[in-house]
Amino acid sequence: MTSDSTVDKILAGKYPAKQHAENVVERLLHVHPDLTDGVIYLESQRSKLYENSDQEVPFRQRRYFYYLSGCDLADSYLTYSIRDRKLTLFIPPIDPASVLWSGLPLSNSEALEKYDVDEVLPTSATALPTTSYSSLMFVIESQTSRTFHLQNTESLEPAIERARAIKDEYEVALIKKANRISALAHHSCLRAIKSAGNEREIEAVFTKECIANGAPKQAYSGIFGSGRSASTLHYVHNNQPLAGKLNLLLDAGAEYNNYASDITRTFPISGQFTKESREVYDIVLDMQKQCLAASKAGAVWDDIHILAHKVAIQGLLKIGVLRNGSVDEILSNRTSTAFLPHGLGHYLGMDTHDCGGNPNYADPDPMFKYLRKRGPLPAGAVITVEPGIYFCEFIIKPYLEDEKHAKYIDKDVLNRYWDVGGVRIEDNILITEGGYENLTNVAKEVDDMLKFING
């Protein structure tokens with residue numbers, strides 16, 4: 001894994017906006033091979049107020065705009081001339097009234113020094129007749145406030161999404177930084193669990209550690225699910241007492257400069273796993289290790305997802321939750337989706353569920369319906385590997401009532417596992433030609449976790 005000093009050295013440079021613009025043009029050329037002229041036009045997120053209030057809504061930059069600018073300012077624009085290879089950023093001019101409350105904004109010269117662009121102009125410079133652009137304008141229709149005489153609204157968004165699927169060195173460094181901050185927060189939560197009385201206390205520990213280490217934003221709403229709440233995949237109430245619960249499933253990650261981390265660990269609240277919890281944990285850890293070992297450029301993600309199910313079935317047969325069938329038979333009947341209903345992982349980048357994965361949510365096969373990445377893995381992709389086993393009564397009950405599945409499930413044995421709730425283990429990896437680099441350094445071996453918990 002790259003050292004902290006190397007990551008910081010990379011991030012001391014500029015976000016590579018011009019290279020990203022070239023990446024997008026390269027994808028546009030796949031669709032428009034004769035393209036020699038044209039302008040990419042993107043708008044940043046607008047500043048907004050809450051309804052009937054003068055309080056600003058928390059700002060989140062548009063990811064398409066950020067990818068081509070590295071600029072986190074509201075009410076801005078950019079153009080990229082394909083013919084001239086010129087990237088121009090337009091930022092709001094100084095508003096004397098707002099300086100009173102918010103201080104001086106970034107000047108044009110400061111922005112030119114900060115961002116990887118060729119020119120910085122005030123946004124008033126874009127208040128031009130649309131006929132001033134004689135070239136074809138590539139825009140994202142839903143994120144554009146103006147109409148141009150010649151415009152293409154179909155090609156830009158998919159071109160950016162395809163480009164974003166492959167991360168460069170700078171983007172990987174941002175994700176590594178987010179992971180390292182999240183690792184500090186996860187380990188602080190392990191240390192705090194035995195003295196905590198409520199899920200929200202652990203969420204507070206996690207958030208505090210992220211903010212203290214330079215990541216004030218979370219990549220997504222964290223999951224701090226104790227006991228049976230861990231069987232709800234996106235449980236976000238985070239307000240239940242911990243007393244009497246076996247385990248805590250902690251799925252949370254910091255965002256660093258608009259890039260996400262996404263890490264899950266499951267651990268015993270008391271400092272010791274029960275027999276049933278340890279059995280399930282060991283199965284899930286084996287699932288993850290085997291899936292990690294299979295991950296490399298060219299490997300088909302669908303096949304690795306099937307591998308996760310096969311290992312899960314083997315483990316559940318061993319502990320007796322599943323019975324009366326071979327691994328292949330139970331797999332072909334899709335009974336394992338009762339215990340692993342989600343996909344193995346998803347692309348990670350500026351969005352937690354990042355673009356470019358080519359999912360098919362209309363797939364009639366329940367094993368693949370929620371798989372957010374389909375097809376072969378390319379080198380340079382960052383993806384999560386997050387197998388899990390869950391004991392959710394609402395999900396499993398229909399399987400128990402369907403003879404197709406019920407014959408494979410031992411209800412008496414299953415009853416011993418409801419309180420385990422759910423176990424998920426999730427790391428973020430960079431796909432390489434020969435395998436992968438794990439960007440996540442959070443304890444997951446049982447002995448390592450227990451050292452943090454028990455001091």
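Just so you know, the numbers here start at 1 and follow the chain as drawn.
Cβ atoms are placed via backbone N, Cα and C, with glycine included.
Residues or ranges marked as Mn(2+) 2 binding site by Swiss-Prot on the basis of similarity to another entry: D251, D262, E426. Every protein chain considered, the tally of other Cβ atoms within 10 Å of the Cβ of D262 (Mn(2+) 2 binding site) stands at 27.
The secondary structure of E426 (Mn(2+) 2 binding site), as reduced to three states from DSSP, is extended strand. The feature Mn(2+) 1 binding site is assigned by Swiss-Prot to D262, E386, E426.
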Inset, instruction - State the count of C-beta atoms found within 10 angstroms of the C-beta of E386 (Mn(2+) 1 binding site), not counting that atom itself. - result: 24
Inset, instruction - Would you mind checking how many other C-beta atoms are within 10 angstroms of the C-beta on D251 (Mn(2+) 2 binding site)? - result: 24
Legend entry - Integer Å distance between the CA atoms belonging to E386 (Mn(2+) 1 binding site) and D251 (Mn(2+) 2 binding site): 10
Legend entry - Mapped DSSP class for D251 (Mn(2+) 2 binding site), helix or strand or coil: strand
Inset, instruction - Tell me the Cβ neighbour count for E426 (Mn(2+) 2 binding site), meaning other Cβ atoms within 10 Å of its Cβ, over all protein chains shown. - result: 22
